[in-house]
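Working notes for the structure below.
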Amino acid sequence: AGMAAGGDSEAELSLLECRVCFEPFGPCGQRRPRNLRCGHVLCRGCVVALGGGHDGRRLECPFCRRPCGSAETSDCLPLLQLLELLGPAGGGVPAALGRGSGAAPGGLGLRMSLGGWGTLVNPSGVAACPSSGRLAVTHDGKKRVHVFGPSGSCLQRFGERGEAGNDIKYPLDVTVTPDGHVVVSDGGDRAVKAFDFDGRGVLAVREGFCLPWGLDATPESEIILTDSEAGALYRLAADFAKGELKKCQMIRSQLVNPRGVAVSQVSGAIVVIEHLKAQGLNSGSTRVKIFNAEMDLVRQMDSFGLNLVFPSKIYTTAVAFDKEGRVVVTDVCSQAVICLGKPEEFPIFNPLISHGLSYPVGLTYTANNCLVVLDSGDHSIKIYSST
(Lines of atoms letter the chains of each structure in order from A and count residues from 1; the text may use other names and numbers.)
(Lines give C-alpha, C1' and ligand atoms only; values in the text may rest on other atoms or scores of the structure.)
Protein backbone atom coordinates (compact mmCIF):
# COMPACT_ATOMS: atom_id res chain seq x y z
CA ALA A 1 0.00 0.00 0.00
CA GLY A 2 2.88 2.31 0.81
CA MET A 3 4.35 1.73 -2.63
CA ALA A 4 1.05 2.45 -4.31
CA ALA A 5 0.54 5.68 -2.38
CA GLY A 6 4.09 6.78 -3.13
CA GLY A 7 3.58 5.92 -6.78
CA ASP A 8 0.42 8.04 -6.97
CA SER A 9 2.06 11.16 -5.55
CA GLU A 10 5.13 10.62 -7.73
CA ALA A 11 2.95 10.16 -10.81
CA GLU A 12 1.04 13.33 -10.02
CA LEU A 13 4.30 15.23 -9.61
CA SER A 14 5.82 13.99 -12.86
CA LEU A 15 2.61 14.75 -14.76
CA LEU A 16 2.46 18.42 -13.77
CA GLU A 17 6.17 19.27 -13.92
CA CYS A 18 8.68 19.43 -16.77
CA ARG A 19 11.01 16.49 -16.21
CA VAL A 20 14.03 18.47 -17.43
CA CYS A 21 13.86 21.67 -15.34
CA PHE A 22 11.32 20.40 -12.74
CA GLU A 23 9.36 23.65 -13.01
CA PRO A 24 5.55 23.28 -12.95
CA PHE A 25 3.84 23.47 -16.32
CA GLY A 26 1.70 26.51 -17.01
CA PRO A 27 -0.85 27.48 -19.68
CA CYS A 28 1.34 30.04 -21.43
CA GLY A 29 4.86 31.39 -21.90
CA GLN A 30 8.01 29.38 -21.14
CA ARG A 31 6.15 26.85 -18.97
CA ARG A 32 3.64 25.77 -21.66
CA PRO A 33 3.87 21.96 -22.20
CA ARG A 34 5.05 20.90 -25.67
CA ASN A 35 5.03 17.42 -27.26
CA LEU A 36 8.13 16.20 -29.07
CA ARG A 37 7.71 13.83 -32.04
CA CYS A 38 8.52 10.83 -29.82
CA GLY A 39 5.70 11.70 -27.41
CA HIS A 40 7.77 13.01 -24.51
CA VAL A 41 6.68 16.36 -23.08
CA LEU A 42 8.91 19.32 -22.17
CA CYS A 43 8.13 22.92 -21.30
CA ARG A 44 8.61 25.48 -24.07
CA GLY A 45 11.63 26.95 -22.27
CA CYS A 46 13.47 23.61 -22.29
CA VAL A 47 12.56 22.99 -25.94
CA VAL A 48 14.26 26.31 -26.80
CA ALA A 49 17.23 25.64 -24.50
CA LEU A 50 17.85 22.21 -26.03
CA GLY A 51 18.13 23.65 -29.52
CA GLY A 52 14.57 23.72 -30.79
CA GLY A 53 13.98 27.43 -30.68
CA HIS A 54 14.84 28.38 -34.23
CA ASP A 55 13.63 27.06 -37.57
CA GLY A 56 15.91 24.49 -39.07
CA ARG A 57 17.61 23.53 -35.81
CA ARG A 58 17.02 20.08 -34.34
CA LEU A 59 16.89 19.04 -30.73
CA GLU A 60 17.41 15.59 -29.31
CA CYS A 61 14.88 14.23 -26.82
CA PRO A 62 16.68 14.04 -23.44
CA PHE A 63 14.82 10.81 -22.58
CA CYS A 64 14.94 8.64 -25.71
CA ARG A 65 17.47 10.56 -27.89
CA ARG A 66 15.17 10.76 -30.91
CA PRO A 67 15.74 13.88 -33.05
CA CYS A 68 12.96 16.43 -33.39
CA GLY A 69 12.86 19.58 -35.52
CA SER A 70 11.70 22.84 -33.94
CA ALA A 71 8.69 22.90 -36.27
CA GLU A 72 7.70 19.39 -35.19
CA THR A 73 6.79 20.21 -31.58
CA SER A 74 3.15 20.75 -30.67
CA ASP A 75 1.06 21.79 -27.68
CA CYS A 76 0.32 18.94 -25.26
CA LEU A 77 -3.47 19.34 -25.28
CA PRO A 78 -4.35 16.78 -22.56
CA LEU A 79 -2.00 18.55 -20.10
CA LEU A 80 -3.30 21.99 -21.09
CA GLN A 81 -6.87 20.75 -20.54
CA LEU A 82 -5.84 19.35 -17.17
CA LEU A 83 -4.20 22.65 -16.14
CA GLU A 84 -7.40 24.44 -17.14
CA LEU A 85 -9.40 21.93 -15.09
CA LEU A 86 -7.19 22.44 -12.05
CA GLY A 87 -7.44 26.21 -12.40
CA PRO A 88 -5.23 28.80 -10.68
CA ALA A 89 -5.91 27.25 -7.28
CA GLY A 90 -4.05 24.08 -8.28
CA GLY A 91 -5.05 21.02 -6.33
CA GLY A 92 -4.20 17.42 -7.07
CA VAL A 93 -4.77 15.42 -10.20
CA PRO A 94 -6.78 12.72 -8.38
CA ALA A 95 -9.03 15.36 -6.86
CA ALA A 96 -9.49 17.13 -10.19
CA LEU A 97 -10.45 13.91 -11.91
CA GLY A 98 -12.70 12.78 -9.07
CA ARG A 99 -10.48 9.85 -8.22
CA GLY A 100 -9.88 10.49 -4.54
CA SER A 101 -7.12 7.97 -3.87
CA GLY A 102 -5.68 8.12 -7.38
CA ALA A 103 -7.05 4.75 -8.44
CA ALA A 104 -8.19 4.53 -12.04
CA PRO A 105 -11.79 3.80 -13.08
CA GLY A 106 -12.54 0.16 -12.53
CA GLY A 107 -10.55 0.21 -9.30
CA LEU A 108 -7.04 -0.21 -10.77
CA GLY A 109 -4.18 0.96 -8.57
CA LEU A 110 -0.40 0.93 -9.08
CA ARG A 111 0.91 -2.10 -7.19
CA MET A 112 4.55 -2.23 -8.23
CA SER A 113 7.07 -0.43 -10.44
CA LEU A 114 10.09 -2.35 -11.75
CA GLY A 115 13.19 -1.50 -13.75
CA GLY A 116 14.16 2.10 -14.31
CA TRP A 117 17.11 3.53 -16.24
CA GLY A 118 20.16 1.26 -15.97
CA THR A 119 18.15 -1.85 -15.21
CA LEU A 120 16.24 -1.44 -18.47
CA VAL A 121 17.44 0.59 -21.46
CA ASN A 122 14.82 1.74 -23.98
CA PRO A 123 12.52 -1.27 -23.38
CA SER A 124 10.42 -2.34 -26.37
CA GLY A 125 8.27 -5.32 -25.37
CA VAL A 126 6.80 -7.07 -22.31
CA ALA A 127 5.07 -10.43 -21.84
CA ALA A 128 3.83 -12.53 -18.92
CA CYS A 129 4.27 -16.28 -18.52
CA PRO A 130 0.74 -17.73 -18.07
CA SER A 131 1.87 -20.47 -15.68
CA SER A 132 4.70 -19.03 -13.55
CA GLY A 133 3.85 -15.31 -13.38
CA ARG A 134 7.31 -14.36 -14.64
CA LEU A 135 7.64 -11.22 -16.79
CA ALA A 136 9.96 -11.08 -19.81
CA VAL A 137 11.07 -7.68 -21.11
CA THR A 138 13.12 -6.88 -24.22
CA HIS A 139 15.36 -3.82 -24.15
CA ASP A 140 18.62 -2.36 -25.51
CA GLY A 141 20.87 -3.57 -22.69
CA LYS A 142 23.85 -5.86 -23.28
CA LYS A 143 21.63 -8.83 -22.44
CA ARG A 144 18.46 -8.11 -24.38
CA VAL A 145 15.94 -10.12 -22.32
CA HIS A 146 15.32 -9.39 -18.65
CA VAL A 147 13.15 -11.79 -16.63
CA PHE A 148 11.44 -10.62 -13.43
CA GLY A 149 9.78 -12.87 -10.87
CA PRO A 150 6.25 -12.24 -9.55
CA SER A 151 7.73 -10.39 -6.55
CA GLY A 152 9.74 -8.08 -8.81
CA SER A 153 13.15 -9.72 -8.34
CA CYS A 154 15.48 -10.23 -11.30
CA LEU A 155 15.54 -13.96 -12.10
CA GLN A 156 17.52 -14.05 -15.34
CA ARG A 157 19.16 -11.94 -18.03
CA PHE A 158 20.00 -13.44 -21.42
CA GLY A 159 20.04 -12.83 -25.17
CA GLU A 160 23.49 -11.39 -25.78
CA ARG A 161 23.94 -8.51 -28.16
CA GLY A 162 26.19 -9.93 -30.85
CA GLU A 163 26.59 -11.66 -34.19
CA ALA A 164 26.04 -15.33 -33.29
CA GLY A 165 22.90 -17.03 -34.63
CA ASN A 166 20.93 -16.88 -31.37
CA ASP A 167 22.22 -13.46 -30.30
CA ILE A 168 19.63 -10.68 -30.29
CA LYS A 169 20.54 -7.61 -32.30
CA TYR A 170 17.51 -5.30 -32.20
CA PRO A 171 14.53 -6.70 -30.26
CA LEU A 172 11.12 -5.27 -31.14
CA ASP A 173 8.67 -7.40 -29.13
CA VAL A 174 8.44 -10.46 -26.91
CA THR A 175 5.87 -13.08 -25.94
CA VAL A 176 5.89 -16.10 -23.62
CA THR A 177 4.21 -19.34 -24.68
CA PRO A 178 2.08 -21.42 -22.29
CA ASP A 179 4.74 -24.14 -22.51
CA GLY A 180 7.31 -21.72 -21.07
CA HIS A 181 9.37 -20.36 -23.97
CA VAL A 182 10.38 -16.73 -24.51
CA VAL A 183 9.97 -15.70 -28.17
CA VAL A 184 11.53 -12.46 -29.46
CA SER A 185 11.16 -10.62 -32.79
CA ASP A 186 14.57 -9.35 -33.90
CA GLY A 187 14.55 -6.48 -36.40
CA GLY A 188 18.35 -6.59 -36.60
CA ASP A 189 18.54 -9.80 -38.64
CA ARG A 190 14.80 -10.15 -39.44
CA ALA A 191 14.30 -13.31 -37.40
CA VAL A 192 12.09 -14.73 -34.67
CA LYS A 193 14.12 -16.32 -31.85
CA ALA A 194 12.92 -18.63 -29.09
CA PHE A 195 14.63 -19.31 -25.74
CA ASP A 196 13.88 -21.35 -22.66
CA PHE A 197 13.76 -19.53 -19.33
CA ASP A 198 17.40 -20.45 -18.66
CA GLY A 199 18.33 -18.37 -21.69
CA ARG A 200 19.23 -21.26 -23.98
CA GLY A 201 18.41 -20.47 -27.61
CA VAL A 202 16.22 -23.29 -28.94
CA LEU A 203 15.05 -21.99 -32.33
CA ALA A 204 15.65 -19.14 -34.78
CA VAL A 205 13.12 -18.72 -37.60
CA ARG A 206 14.18 -16.86 -40.73
CA GLU A 207 11.41 -17.48 -43.24
CA GLY A 208 12.04 -14.54 -45.53
CA PHE A 209 10.54 -12.00 -43.14
CA CYS A 210 10.99 -8.36 -44.17
CA LEU A 211 10.63 -6.84 -40.70
CA PRO A 212 9.09 -9.11 -38.02
CA TRP A 213 7.63 -6.87 -35.33
CA GLY A 214 4.76 -7.68 -32.95
CA LEU A 215 4.01 -11.14 -31.61
CA ASP A 216 1.67 -12.91 -29.22
CA ALA A 217 1.19 -16.54 -28.20
CA THR A 218 -2.02 -18.55 -28.55
CA PRO A 219 -3.24 -20.99 -25.85
CA GLU A 220 -1.78 -23.78 -28.06
CA SER A 221 1.73 -22.19 -27.90
CA GLU A 222 1.56 -21.03 -31.54
CA ILE A 223 2.88 -17.56 -32.37
CA ILE A 224 0.94 -14.83 -34.19
CA LEU A 225 3.45 -12.44 -35.78
CA THR A 226 3.20 -9.17 -37.71
CA ASP A 227 5.63 -8.37 -40.50
CA SER A 228 5.56 -4.59 -40.57
CA GLU A 229 7.37 -4.10 -43.88
CA ALA A 230 5.56 -6.88 -45.76
CA GLY A 231 2.15 -5.84 -44.40
CA ALA A 232 1.45 -9.42 -43.38
CA LEU A 233 0.32 -11.55 -40.44
CA TYR A 234 1.86 -15.00 -39.84
CA ARG A 235 1.04 -18.01 -37.67
CA LEU A 236 4.07 -20.02 -36.49
CA ALA A 237 3.83 -23.49 -34.98
CA ALA A 238 6.92 -25.13 -33.50
CA ASP A 239 8.07 -27.83 -31.15
CA PHE A 240 10.20 -25.51 -29.05
CA ALA A 241 11.51 -28.28 -26.79
CA LYS A 242 13.00 -30.01 -29.86
CA GLY A 243 13.82 -26.77 -31.67
CA GLU A 244 11.74 -27.73 -34.72
CA LEU A 245 9.63 -25.36 -36.81
CA LYS A 246 6.45 -27.14 -37.95
CA LYS A 247 4.60 -24.39 -39.83
CA CYS A 248 5.05 -20.77 -40.86
CA GLN A 249 1.87 -19.69 -42.60
CA MET A 250 0.84 -16.23 -43.82
CA ILE A 251 -2.74 -15.78 -42.60
CA ARG A 252 -3.35 -12.19 -43.73
CA SER A 253 -1.74 -9.86 -46.27
CA GLN A 254 -2.28 -6.29 -47.49
CA LEU A 255 -2.08 -4.76 -44.03
CA VAL A 256 -0.52 -1.31 -43.65
CA ASN A 257 2.62 -1.31 -41.49
CA PRO A 258 1.19 -3.70 -38.82
CA ARG A 259 3.05 -3.70 -35.49
CA GLY A 260 1.28 -4.47 -32.22
CA VAL A 261 -0.78 -7.68 -32.15
CA ALA A 262 -2.75 -9.63 -29.54
CA VAL A 263 -4.72 -12.88 -29.44
CA SER A 264 -7.84 -13.32 -27.32
CA GLN A 265 -7.47 -16.34 -25.03
CA VAL A 266 -11.29 -16.43 -24.89
CA SER A 267 -12.38 -16.38 -28.54
CA GLY A 268 -9.21 -16.66 -30.61
CA ALA A 269 -9.89 -13.20 -32.08
CA ILE A 270 -6.80 -11.28 -33.24
CA VAL A 271 -6.32 -7.52 -32.98
CA VAL A 272 -3.65 -5.69 -34.99
CA ILE A 273 -2.43 -2.08 -34.87
CA GLU A 274 -1.59 -0.57 -38.26
CA HIS A 275 0.61 2.54 -38.48
CA LEU A 276 -0.65 4.71 -41.33
CA LYS A 277 1.79 7.08 -42.97
CA ALA A 278 0.60 10.44 -44.22
CA GLN A 279 2.18 13.33 -46.10
CA GLY A 280 3.76 16.06 -44.02
CA LEU A 281 5.26 16.16 -40.57
CA ASN A 282 3.65 14.69 -37.50
CA SER A 283 0.60 13.54 -39.41
CA GLY A 284 0.80 9.76 -39.08
CA SER A 285 -2.03 7.90 -37.39
CA THR A 286 -2.94 4.40 -36.26
CA ARG A 287 -5.76 1.98 -37.01
CA VAL A 288 -7.04 -0.86 -34.83
CA LYS A 289 -8.26 -3.93 -36.77
CA ILE A 290 -10.04 -6.90 -35.18
CA PHE A 291 -10.28 -10.30 -36.89
CA ASN A 292 -12.26 -13.28 -35.66
CA ALA A 293 -10.65 -16.70 -35.21
CA GLU A 294 -11.34 -17.47 -38.90
CA MET A 295 -9.46 -14.26 -39.88
CA ASP A 296 -12.55 -12.39 -41.11
CA LEU A 297 -12.33 -8.65 -40.46
CA VAL A 298 -15.06 -7.86 -37.92
CA ARG A 299 -14.20 -4.31 -36.76
CA GLN A 300 -11.76 -1.52 -37.53
CA MET A 301 -11.32 2.03 -36.35
CA ASP A 302 -8.62 4.60 -37.14
CA SER A 303 -7.42 7.56 -35.08
CA PHE A 304 -9.98 9.87 -36.67
CA GLY A 305 -12.87 7.53 -35.92
CA LEU A 306 -11.68 7.15 -32.33
CA ASN A 307 -11.78 10.93 -32.05
CA LEU A 308 -15.56 10.58 -32.08
CA VAL A 309 -15.41 8.75 -28.74
CA PHE A 310 -12.25 10.32 -27.35
CA PRO A 311 -11.66 14.07 -27.04
CA SER A 312 -8.09 14.16 -28.40
CA LYS A 313 -5.99 12.39 -31.02
CA ILE A 314 -5.26 8.76 -30.20
CA TYR A 315 -2.01 7.08 -31.28
CA THR A 316 -1.92 3.46 -30.20
CA THR A 317 1.38 1.63 -29.76
CA ALA A 318 0.44 -1.58 -27.92
CA VAL A 319 -2.63 -3.78 -27.58
CA ALA A 320 -3.83 -6.65 -25.39
CA PHE A 321 -7.00 -8.58 -24.64
CA ASP A 322 -8.13 -8.76 -21.01
CA LYS A 323 -9.44 -12.05 -19.61
CA GLU A 324 -13.03 -11.15 -20.64
CA GLY A 325 -11.93 -10.61 -24.26
CA ARG A 326 -12.00 -6.79 -24.26
CA VAL A 327 -9.51 -4.86 -26.41
CA VAL A 328 -7.14 -2.65 -24.38
CA VAL A 329 -4.68 -0.22 -26.00
CA THR A 330 -1.97 2.22 -24.97
CA ASP A 331 -2.20 5.80 -26.26
CA VAL A 332 1.03 7.79 -26.31
CA CYS A 333 -0.71 11.08 -27.14
CA SER A 334 -2.63 11.20 -23.85
CA GLN A 335 -0.16 8.91 -22.01
CA ALA A 336 -3.02 6.58 -21.15
CA VAL A 337 -4.30 3.01 -21.27
CA ILE A 338 -7.82 2.73 -22.72
CA CYS A 339 -10.31 -0.13 -22.90
CA LEU A 340 -12.17 -0.16 -26.23
CA GLY A 341 -14.57 -2.98 -25.30
CA LYS A 342 -15.24 -6.43 -26.75
CA PRO A 343 -15.16 -6.82 -30.56
CA GLU A 344 -18.96 -6.82 -30.78
CA GLU A 345 -19.26 -3.51 -28.85
CA PHE A 346 -16.06 -1.88 -30.20
CA PRO A 347 -15.31 0.92 -29.77
CA ILE A 348 -16.49 2.03 -26.38
CA PHE A 349 -14.23 4.37 -24.42
CA ASN A 350 -13.14 3.50 -20.89
CA PRO A 351 -9.82 4.97 -19.69
CA LEU A 352 -8.17 2.47 -17.33
CA ILE A 353 -5.04 4.51 -16.53
CA SER A 354 -4.91 8.21 -17.32
CA HIS A 355 -2.00 9.50 -15.27
CA GLY A 356 1.46 8.41 -14.18
CA LEU A 357 2.64 7.16 -17.59
CA SER A 358 5.26 8.87 -19.79
CA TYR A 359 5.41 6.86 -23.03
CA PRO A 360 3.55 3.54 -22.77
CA VAL A 361 4.79 1.11 -25.47
CA GLY A 362 3.93 -2.34 -24.11
CA LEU A 363 0.92 -4.02 -22.54
CA THR A 364 0.09 -7.44 -21.15
CA TYR A 365 -2.06 -9.15 -18.53
CA THR A 366 -0.77 -11.64 -15.98
CA ALA A 367 -2.62 -14.88 -15.21
CA ASN A 368 -4.05 -13.31 -12.03
CA ASN A 369 -5.37 -10.38 -14.13
CA CYS A 370 -2.86 -7.70 -13.17
CA LEU A 371 -2.38 -5.13 -15.95
CA VAL A 372 1.29 -4.68 -16.90
CA VAL A 373 2.34 -1.51 -18.75
CA LEU A 374 5.80 -1.02 -20.25
CA ASP A 375 6.76 2.67 -20.03
CA SER A 376 9.76 3.53 -22.20
CA GLY A 377 9.63 7.14 -21.00
CA ASP A 378 11.15 6.19 -17.64
CA HIS A 379 12.35 2.68 -18.68
CA SER A 380 10.04 0.94 -16.23
CA ILE A 381 7.33 -1.70 -15.91
CA LYS A 382 4.23 -0.60 -14.01
CA ILE A 383 1.94 -3.26 -12.61
CA TYR A 384 -1.67 -2.38 -11.76
CA SER A 385 -4.18 -4.49 -9.88
CA SER A 386 -7.73 -4.11 -8.61
CA THR A 387 -7.82 -2.18 -5.36
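Note: Cβ is positioned from N, Cα and C throughout, glycine not excepted.
Not measured: the values here are computed from a predicted model.
Copied from TrEMBL, the annotated features are:
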DOMAIN    18-65  domain 'RING-type'
REPEAT    115-151  repeat 'NHL'
REPEAT    155-198  repeat 'NHL'
REPEAT    254-294  repeat 'NHL'
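Secondary structure of the repeat 'NHL' (155-198) per DSSP, as helix, strand and coil residue counts: 0 helix, 24 strand, 20 coil. Mapped onto DSSP helix, strand and coil, the repeat 'NHL' (115-151) counts 0 helix, 17 strand, 20 coil. On the 0 to 100 pLDDT scale, the model's mean across the repeat 'NHL' (155-198) is 91. Secondary structure counts, DSSP: the repeat 'NHL' (254-294) has 0 helix, 20 strand, 21 coil.
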